[in-house]
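Chemist: Per Swiss-Prot, region 'Enoyl-CoA hydratase/isomerase' is recorded for 1-189, and the stated evidence type is sequence analysis. The annotation site 'Important for catalytic activity' is assigned in Swiss-Prot to 119, 139. The substrate binding site feature in Swiss-Prot is assigned to 296, 500, 660; the stated evidence is sequence analysis. Annotation source Swiss-Prot lists region '3-hydroxyacyl-CoA dehydrogenase' at 311-716. Here Swiss-Prot flags 324, 343, 400, 401, 402, 407, 429, 453 as NAD(+) binding site. As annotated by Swiss-Prot, active site, for 3-hydroxyacyl-CoA dehydrogenase activity applies to 450, with the evidence given as sequence analysis.
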């Protein structure tokens, strides 16, 4: 053994080829400080051994290296620029040391080689991948750029155009696609991986392969003619900005760094990367996006833990077919859990099956599935008009019409047909789980399971704990949601649960603006373009449905009369009473037609403006800051109330609920990250300016205390 540490082992194989194996104690390899220090020490040991003629990098795991240890980032990025620069330079010295070894090097890549893992393989002369390999630099998705030489080496390996696409999108690439652009030199079967890498090194040692010429290309400036370079980078800037937009600076910074470094050798090029990396690491966007990544890990960790308490779900059922039932059935079956779809009407079952088939056909058309897989998934969906089909179901999801009496009746009925230990969950967006539980003989085996529409696209599922729900029930439904490929957050029962409870104060703020003559299209534009929502409030209400919004608003007003009670007609009422229900009937705030691709296309409609003018008078212009404050303050305060009341367990889960359930702008990180970035004291001062607008604008006592103490919701 040439070198050994808890994360890396180096041994000498036949023909004096050294093998460096990444072998961290956990399930995956990642570059934390310890692994980086071990790699540095291992390379020193390798350099000192005069017998070594070549080096192969391998992994003992199913993956190569998944990237840097992101849990270290926020603390590290909070350091002074000089400290951060020192860390980046020390880390890069390790990768330079690998690249500068006096003999040929190769990486044997399986599974993920992402971020720092990808930058490791770029520092070797040859790269062999097996068919499971996925390679990429996802840093721009975290608001930063590669910091271990990725922007320098990748363009010199695969060309500037390809590198610009890889780095600016942050997407990982399959082995076959990496081979096409020259990121890897060969793709082999998993069992042949190490042998193929060693054979390539033997050929390099025997001078059949010119490893030094390859290395020199990475150390030199890019060989791009001036005119071609100018055209390439100008085109890239336009394309990248069109996708990334003004709120996500990292992709554009990556283009700029690659352009500036294109005429430099390695040392100068790395300095350009270092400076841009440090600048981006200090941004609020990086803090927000890294925070989302860490929050996602926390939520998934909780779900994994729940799996240990959970009853295994081998068979499921959904009550109520149609679009929602079909979506739930598709999601369950496509992730491997057979499901019975029960309804009282054959046309509803046909609609549900058609919905599942339509979603599967789209997967096949996009090349993400095959007709064989589609048939297998459809065979996992069993339509039935009879409750008897549910007798083997471990979990039954009730998804009938959103009416308390009908739901209660169906829940009471189904309890008589399922097994003693079956779990029943209600897919409801507003109806109290405690209320529905009153109709059940075993309320401990009942909870809420709120899917968001469309089911196949929306990642969030709210699992609602009723006062009688057992821990096993909650754990089992959380585990089932995870198995379906969803991100579950557990919330306690209250009107609207978590997501709808915080959404409707936002709509109330919007209604307030319209009642004073606000222009809904202008408000949408501000909330989309400036704040960053995927849809403004008027457009979102049209998509949700004004009938659904009208009903949910009434539920919220009844549940929280002090803050959400209504004294008169608002804009939602106006649209609903005039049968303008949104996209579902082609007219709401906007009017809808179908474009050439069959998608709804919205246009401003003078009729809706006329109705609002009749109700609220002439249009009035509001400043953008005023629009943002009046819509967002109620949502933010209500979110804080949910945390204080224990409806949601942590700031992390609340923020993930907002990002995944409502499309809260990821670059802002969620309400609690937004509050911390703004400063709680600054927010309280802003809210106080609008306190005269009513209860939704009144901050809590705990918020005032936190503001006075200069506190934050996340620990630095």
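Note that Cβ sites are derived from N, Cα and C of the backbone, with glycine treated the same way.
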Chemist: Which number gives the other C-beta atoms within 10 angstroms of the C-beta of residue 296 (substrate binding site), all protein chains shown included?
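Modeler: Its Cβ has 17 other Cβ atoms within 10 Å.
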Chemist: Tell me whether residue 450 (active site, for 3-hydroxyacyl-CoA dehydrogenase activity) sits in a helix, a strand or coil according to DSSP.
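Modeler: For residue 450 (active site, for 3-hydroxyacyl-CoA dehydrogenase activity) - judged by DSSP and reduced to three states - the answer is strand.
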Chemist: Near residue 453 (NAD(+) binding site), how many other Cβ atoms are within 10 Å of its Cβ?
Modeler: 15
Chemist: Have a look at the recorded positions 119, 139, 296 and say which one has the shortest Cα distance to residue 343 (NAD(+) binding site).
Modeler: 296
Chemist: Between C-alpha atoms, which of these binding-site residues comes nearest to residue 139 (site 'Important for catalytic activity'): 296, 400, 401, 500?
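Modeler: The smallest Cα gap between residue 139 (site 'Important for catalytic activity') and any of the binding-site residues is with 296.
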Chemist: Which of these recorded positions has the least crowded Cβ, counting other Cβ atoms within 10 Å: 119, 139, 343?
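Modeler: Counting other Cβ atoms within 10 Å of each of the recorded positions 119, 139, 343 gives the minimum at 343.
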Chemist: Are there binding-site residues among 296, 324, 402, 429, 660 that sit within 10 Å of the residue listed as 'active site, for 3-hydroxyacyl-CoA dehydrogenase activity', Cα to Cα? If so, list them; otherwise say none.
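Modeler: Within 10 Å of the residue listed as 'active site, for 3-hydroxyacyl-CoA dehydrogenase activity': 429.
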Chemist: Count the other Cβ atoms sitting within 10 Å of the Cβ of residue 500 (substrate binding site), across every protein chain shown.
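Modeler: The answer is 21 other Cβ atoms.
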Chemist: Minimum Cβ neighbour count within 10 Å among the binding-site residues 324, 401: which residue?
Modeler: 401
